[in-house]
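In what follows, a single structure is set out as structure tokens and then discussed.
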Amino acid sequence: MDYSYDLEEVVEETIDYKDPCKAAAFWGDIALDEEDLANFKIDRIVDLTKHTIHTVSGAATNISRPEKGRRTRKERRRSREKRASTSRPERVWPDGVIPYVISGNFSGSQRAIFRQAMRHWEKHTCVTFLERTDEDSYIVFTYRPCGCCSYVGRRGGGPQAISIGKNCDKFGIVVHELGHVIGFWHEHTRPDRDDHVSIIRENIQPGQEYNFLKMEPEEVESLGETYDFDSIMHYARNTFSRGIFLDTILPKYDVNGVRPPIGQRTRLSSGDVAQARKLYKCPACGETLQDSQGNFSSPGFPNGYSAYMHCVWRLSVTPGEKIILNFTSLDLYRSRLCWYDYIEVRDGFWKKAPLRGRFCGDKIPESIISTESRLWIEFRSSSNWVGKGFQAVYEALCGGEVKKDSGHIQSPNYPDDYRPNKACVWKLSVSEGFHVGISFQSFEIERHDSCAYDYLEIRDGSSETSPLVGRFCGYDKPDDIKSSTNQLWIKFVSDGSINKAGFSLNYFKEVDECSRPNNGGCEQRCVNTLGSYKCACDPGYELGQDKKSCEAACGGFLTKLNGSINSPGWPKEYPPNKNCIWQLVAPTQYRISLKFDQFETEGNDVCKYDFVEVRSGLTSDSKLHGKFCGSELPAVITSQYNNMRIEFKSDNTVSKKGFQANFFSEKKNNIQKLQQLNEVNRGQQNQAPKRVRPRMRLRTVKKTRPP
């Protein structure tokens, strides 16, 4: 699988999130803002670290410690207030719903890991992760220079980042970081930790002592749970150690006859689950069901339920699937409007989703099919009437008609392996006048030369007879796809043998912005892309800072053996106030020659205004070969080494046609031989003897008259 990073921060260009890398300080992988620093007793941190609270730049920040006895009454009162995010309501996500966005700089495999980690939290708690639509507060999975870090709890007032740095894209580590997002500090910082673990300070790396601070009772709420060695939020025994075999934190006693292991990054512990359920006030009964089919029933079924019960079941299947829910048994107290005992079914992920039905009595409801991939089922009892309760079964249905302008479709059971013998057909329709655009996030389907076994088939239209766009399998993501109408037909098929991770794609309505009368606002060229567009420029020009206008381009770092360069806008007049630098680099033992074919700049005896400057080397103080201006063509220039620097400058007044030049590289020996041969030829011409023009002698012959 591809775990490489594309460091181009796609989401960051458009989202102004709360960046953990710009935090006031760090506490391990926890980002602290100014409010956190104001609320915590920083003097305790300084005692241990000797002025080493790590900032984002890696430098240390000095924080002076207040003298004992000098704290004000207000400060003493503030120290008694509860300060940890788990005890502060504003840091808890409302209704346990956490909207998220995954930045564009992650591969499909990494995105799958993030979703697996979120589903893990959902399965064991009542927390819900939801792809963000228009929510103000949400998290952004991104890759930041500070590595793996997050704020604790909801910060509010906009997006906040959770940074998943290199080597952090592992399931357990992402589950740990999401624990901070949900609202948990590290387990070993609990106030009662000294009763359970020993901190071996002499083994801690210098400057990292602050990571082993413990919080005071008024600063954290442990929610009545006992110390949890097995917590995924606990440090390992050698964390921040001077050596890999030196322990920094050790349990003080055995559990069931053995020293308990700490620092696991495999799954949530029972203690993690219990604390999260308490923090988010999860109902005492009910659960999150994520399998493709299953059943659930009221507590005690069929022997009756108790009064004053409250249970919630959250059914969640793969995006692109729907849920069919059938009640197989129903026996609740009957009342007008089902006022006392009832079951509510809502079409979505939470209690405010559209109501599909409220049921009581003994009449079994008709089948309910969800609009999307989630259902919310709530059961309440308030009477003393004893009935059997209810029982229900559900099943995930893949495919169907989808009439939305945007959304997600994934193979059944994604990001886990898809199931055998599946056949799913989706018919996508977006608004009239638009096209359907598809962009793949990940793709892994059993490989075959003709995609005969497992495959994804896409057709340009609304039926299986529409023109075929392609049949895809293997591990390479298909290119983006755009329909010719507002409809697209998608079919996924798996056989009974090999199963893979499947696919994940986004669909959306697509319009050609470049067809608008203003050319998309672009000065020269408009390039339509899937879901958007971009401006481009003609050869010799580059985009301006507004990403719409074009200006003459120039300069660059060139490693070709030969090529050409020219002034901006050539052969038109160059623009004013340009400063272009070309850096030419050839292989070692090569030399670069520059030959001007055309040359015309503003003329001046000392080349003060517009000029071309050529140097051997890459810096502005390298050996100067010449500074040229006017209309006289410079002679051929050969570099002293294997690199050359050419700089062109124009002022804000007169502009001329500029220049056009070719460069070529040859090995030093070849150039030396050529130079030597030229010198020999010149020498031979100088030393050759002068040719003597032969003299012509005239001899007079006396002619005799014939007889």
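Here the Cβ of each residue, glycine as well, is placed from N, Cα and C on the backbone.
Here Swiss-Prot annotates a disulfide bond for C522; of C514, C535, the partner residue is C535.
Looking up C126 in Swiss-Prot gives a disulphide bond whose other cysteine, out of C21, C168, C282, is C282. Report note: the Zn(2+) site is defined by H176, H180, H186, and the residues of the same chain whose CB lies within 8 Å of the CB centroid of those residues, excluding them, are G28, D29, I30, S150, E177, G179, F184, W185, I232, M233. Between the C-alpha atoms of H180 (Zn(2+) binding site) and C424 (disulfide bond), the distance comes to 38 Å. A simple way to gauge crowding: the CB of H186 (Zn(2+) binding site) has 25 other CB atoms within 10 angstroms, across all the protein chains here.
The average pLDDT for the domain 'Peptidase M12A' (84-283) in the predicted structure is 91. Of all the recorded positions in the record (N105, C148, C149, C338), the one with the smallest CA separation from C424 (disulfide bond) is N105. Here the Cα atom of C537 (disulfide bond) is found 52 Å from that of H186 (Zn(2+) binding site).
Of all the Cβ atoms in the protein chains shown, 20 others lie within 10 Å of the Cβ of C580 (disulfide bond).
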